[in-house]
Amino acid sequence: MTLPDHAIVSVPATTTNIGPGFDCLGAALSLRNHFTFTRLDQSIEPVQISVSGLEAARVKTNETNLAYQAFAKLFQHLKQSPPLIKLEIRLGVPLARGLGSSATAIVGGLVGANVLAGSPLSEAELVAIAVDMEGHPDNVVPAMLGGCRLAATDLNGEWAIAPVPWHSEIVPVVAIPDFELSTAEARRVLPAAYSRPDAVFNMGHLGLLLRGLDTAHSDWLRAALQDRIHQPYRRSLILGFDAVEAAAVAAGAYGLVISGAGPTLLALAHADIAPLVAEAMKAAWEDQGISVQAQALHLDPTGVSVQV
Ligand SMILES: Nc1ncnc2c1ncn2[C@@H]1O[C@H](COP(=O)(O)OP(=O)(O)OP(=O)(O)O)[C@@H](O)[C@H]1O
Ligand SMILES: N[C@@H](CCO)C(=O)O
């Protein structure tokens, strides 16, 4: 069998948690990173990496690059040496902002390696390795599969993944500030255990959110975006959170949550007012002296895609 020498892997950004769905709910968004893998016959280095686009200078260009680590991990899983490659990364997803940049790198590297290896692994096997690398499923699952997804383990510890219907009138609006917050730092502030009232609060609100996303029932959505597992501990890490939340709600959004581990803030809004909500969030954050990019996005239905 002749193996492919080349693969262009495109992976969407993701927003996760969406309020009460900590570490289990996530959705793919209409921003993408591209990873181009080209097999080399000869090279002094195992990988030659170049990066272009948004904040390119901040991405590592040696073997510690996360996309290359994922590429090498797949070959390790296959008990093979990774081929020598050139890896070109084109960035459209901002780094360390709560939009799943690390998940794009993990999914891009694993899928690129799988293509160059002749596609020996199934989608489910790739998802399992990706979750293992990322540590939680909520970014890598929608990055791989597209849409909004809920992921939980079954009785054997395998991932049971359900698509979550998302009504077309509900628009995700993101405000992306010009400062970073690493996921590791934002996880360090979380408690190790929670009270029964907090657990029950989140179970009820996650259930309500799933029904609200399906129906666009505004009262359910307004109530559902509350959470007691992560946001109470993280909001103080995000300068301007209260002002941006108040502005989004005043502009008519159903509510505002931290996207992933932050600092990007995500509002859900009816399609008719989504651009106004984006403007209000931007203005409120800029009033705090913070540069911000705000935009109404849409759900990415596809997930990872490959051109050989
Ligand atoms: N395209 C990329 N190529 C290689 N490494 C990347 C790429 N994108 C992100 N990374 C790595 O992932 C790190 C960011 O990961 P982190 O989990 O902190 O943020 P995030 O994934 O953007 O946010 P979140 O997990 O909250 O959605 C970067 O600092 C970089 O090391
Ligand atoms: N669920 C994760 C997403 C960030 O990767 C968190 O909130 O820490």
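Easy rule for this one: first residue shown is 1, then count along the chain.
Including glycine, each Cβ sits where the backbone N, Cα and C put it.
Any TrEMBL annotation is an automated prediction that lacks curation.
Sequence annotations record features per position, and here TrEMBL assigns domain 'GHMP kinase N-terminal' to 65-147. Sequence annotations record features per position, and here TrEMBL assigns ATP binding site to P94, L95, A96, R97, G98, L99, G100, S101, S102, A103, T104. Summarising the annotation, TrEMBL assigns domain 'GHMP kinase C-terminal' to 220-286.
Cβ proximity to the ATP site centre (mean Cβ of P94, L95, A96, R97, G98, L99, G100, S101, S102, A103, T104, cutoff 8 Å) flags the following additional same-chain residues: A13, V93, G260. Sorting each residue of the domain 'GHMP kinase N-terminal' (65-147) by its DSSP state yields 49 helix, 7 strand, 27 coil. For T104 (ATP binding site), the count of additional Cβ atoms within 10 Å of its Cβ stands at 31 [all protein chains shown].
Minimal Cβ crowding within 10 Å, among the binding-site residues P94, G100, is found at P94. Only G98, S102 of the binding-site residues listed as P94, G98, S102 bring a Cβ under 6 Å of any atom of ligand 1; the order follows the sequence. Long-range Cβ proximity for G98 (ATP binding site), meaning a same-chain Cβ under 8 A and a gap of 6 or more residues, is found for T15, T16, L181, T183, I258, S259, G260, A261, G262, P263, T264. Across the domain 'GHMP kinase C-terminal' (220-286), DSSP helix (H, G, I), strand (E, B) and coil residues number 38 helix, 10 strand, 19 coil.
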